[in-house]
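For reference, the structure is listed below as structure tokens.
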Amino acid sequence: MDVSYLLDGLNERQRAAVSAGEQDMLVLAGAGSGKTRVLVHRIAWLIQVMNYSPFSVLAVTFTNKAAAEMRGRVEKLLGRDVQRMWIGTFHGLAHRLLRAHYQDAGLPQNFQILDSDDQLRLLKRTIKALNLDEKQWPAKQAGWYINGKKDDGLRPQHIETWDPAEKTFLQIYQAYQEACDRSGLVDFAELLLRAHELLRDNKHVREHYQKRFRHILVDEFQDTNQIQYAWVRLLAGADNHVAIVGDDDQSIYGWRGAQVENLQHFLRDFPRADTIRLEQNYRSTSTILKAANQVIANNSDRLGKDLWTEGTEGEPITLYSAFNEQEEARYIVAQIKQWQDQGGALSDVALLYRNNAQSRVLEESLLYASLPYRIYGGLRFFDRQEVKDAVAYLRLVSNRQDDAAFERVVNTPSRGIGERTLSLVRELARNEQTTMWNAARKMVNESMLSGRARNAVASFLDLIAQLEVECADQPLSKQTDRVLKGSGLLAMYQAEQSDKAETRVENLQELVSATESFMPSGEEDMTPLAEFLAHAALEAGDEQADAYQDAVQLMTLHSAKGLEFPLVFMTGMEEGTFPSQMSSGEPGRLEEERRLCYVGMTRAMEKLVMSYAESRRLYGQENFHRPSRFIAEIPSELITEVRVQTRIEQPAARRSRFHTSASHEAFSETGFQLGQRVLHQSFGEGTVLNYEGTGPQSRIQVNFDDAGSKWLVVAYAKLTPLR
DNA sequence: CGACCGGCAGTTTTT
DNA sequence: CTGCCGGTCG
């Protein structure tokens, strides 16, 4: 068979990685170096050239999107369907293992997945049930504690502590886990931990999979946490081959448990592994790469990598200094319009920021300019309230012991089961170590409730039982339709009088169509409903957005990872914003911010624009910041600086109380403009931010680089204009 | 049981 | 300055 097409168009290093023999491998893949391509071609190579069955290859990624892309490209390359091949996310594959071996994993067959929102709700109830003060022991922190422990592979019984605060969190962990186990609920971290324990504690299961997966490929390895890497090692056993692909310079998820050190650990644990560096970049201009290389060079303990390109030098990086965030936004919009006038597509433009709050001002300016935009990272389909309600009904119908689902819908729509009744049910459930359903059943049967409450609870239990009968052996979409109508959920939202309710009804209808078009795989003996529920939990779905529209792309620097755009704006390049205030202090966290900067810069293909504002309003407070240190790390010859050139018109003025058209005139007489750089005898250099008054009393606000922001009387200040 | 008010927190995100 | 959550009132 002619397999040369698997190597065509690849560079030498890429070929080496794709056509490597039976061995372990670390592929250090720089940004834009064709990482996915190498992974996909390697899989195809293993199958076509080395004659492995598709079923003896396992490829794991972090996001569904990456997994779907990989699967699609492998199929295209092989020219055949690989639906049943094990390509998926860590969570997806762990789930698959647990379904197939639920008994060995100690789970009920119909176990359900708890998403973060469900988890938080359950934690709140657990904390309440333990009679702990919710202010002192926030559910969020408890969740953080529990997930962290699970990521480290630790069960409550493994944890010993003398710290009284931790003791309480440990107690919550214990109680929460018991609640999950009673209800057959598995949270995201639990999926990974259980799957790991399943392999670790069951020799036959472990050996079966070790025998099966001769080649394991891990994408974005720098993002793995402890349990994920442990899971990979367990599967690899002594005989199988592991290829990991990653980039220590793009490790930006340390704060959620990712361990870059796993890269070093891999080299230690797989000492015969070859390291292949992919440094040729196919994305950006050499200017952008040089700048990014220089920035990241300030980090220590790198595995080391220098990106280069055969491409053109391109334009210099533009650095824009605005006097505030509104003006920054206006500049960006003007630049986008110019891009558009020159024939550029809006969807080729990305606006990146460090935190979501920054998007607002940008949005307002885009709106004002009538430029369509799309924000990444909104609520996704299965995260929506009404959809979660409906899914909870489906879950409860398929497993009555599911307390999370029970709690969610027991009084939605309201059917007279109030907090008072529910707390009685919870108390009994707790005392009897059983589920809400069982407790409620018992209370109804044994007349432990007052008449009205008893009737209400009884009719709810009957409703679920009846829905179960009606749904039996029905197609998925029929079941969904039945549940929506039978539960009164649809009617509830239809009756609601708001535009929000309208979208909610639409989303419920959309859910029915989603079940219609859902294609169950029939894997692991799951019913279509069970598969759909898992799908809803593991793949929250795309955000609903008109993706086809030509729109400017707005997103955080984090969500930009893996994407590329011809024109990229990195906004808010200020100390305190980026790097974030929260990450200052610890050198390690600062280096992660720098990697984030590196990720942002390397998203740009043709043109990179960085901007910062002298003053930025955050939480209603005006703050002054110096330009980000990352800017100073870029060689100045790669940068063209732009400052406010024209006087600012209305929208800028509106924000200042002092700012009248009269003072505007008077001010312009002084010869200073907003954003203008000035020199003061004792305060040094600064930027003009604001001004007030007319004539001899007129004052001017200057943000000095070293001395901070000050109001000065123009007549006395002796300011020298710079530039 | 729902509507309103007040307090308070407030990076980054996927599964 | 916002948005969310929890508490209280009608």
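Any Cβ shown, glycine's included, is placed from N, Cα and C.
All TrEMBL annotations are machine predictions without curation.
The structure displayed is predicted, hence computed values, not measured ones.
Residues annotated as ATP binding site in TrEMBL: A:A29, A:G30, A:A31, A:G32, A:S33, A:G34, A:K35, A:T36. According to DSSP, A:T36 (ATP binding site) sits within a helical segment. Around A:T36 (ATP binding site), the same-chain residues six or more apart in sequence whose CB sits under 8 Å from its CB are A:A66, A:E69, A:M70, A:R73, A:D219, listed in sequence order.
The annotation domain 'UvrD-like helicase ATP-binding' is assigned in TrEMBL to A:8-285.
According to TrEMBL, the feature domain 'UvrD-like helicase C-terminal' maps to A:286-562. Confidence over the domain 'UvrD-like helicase C-terminal' (A:286-562), given as mean pLDDT on the 0 to 100 scale, stands at 91.
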What is the total of other Cβ atoms whose distance to the Cβ of A:G32 (ATP binding site) is within 10 Å? 21
Taking the Cβ of A:A29 (ATP binding site) as the centre, count every other Cβ atom within 10 Å, in any protein chain shown. 28
DSSP-derived structure type at A:A31 (ATP binding site), helix or strand or else coil: coil
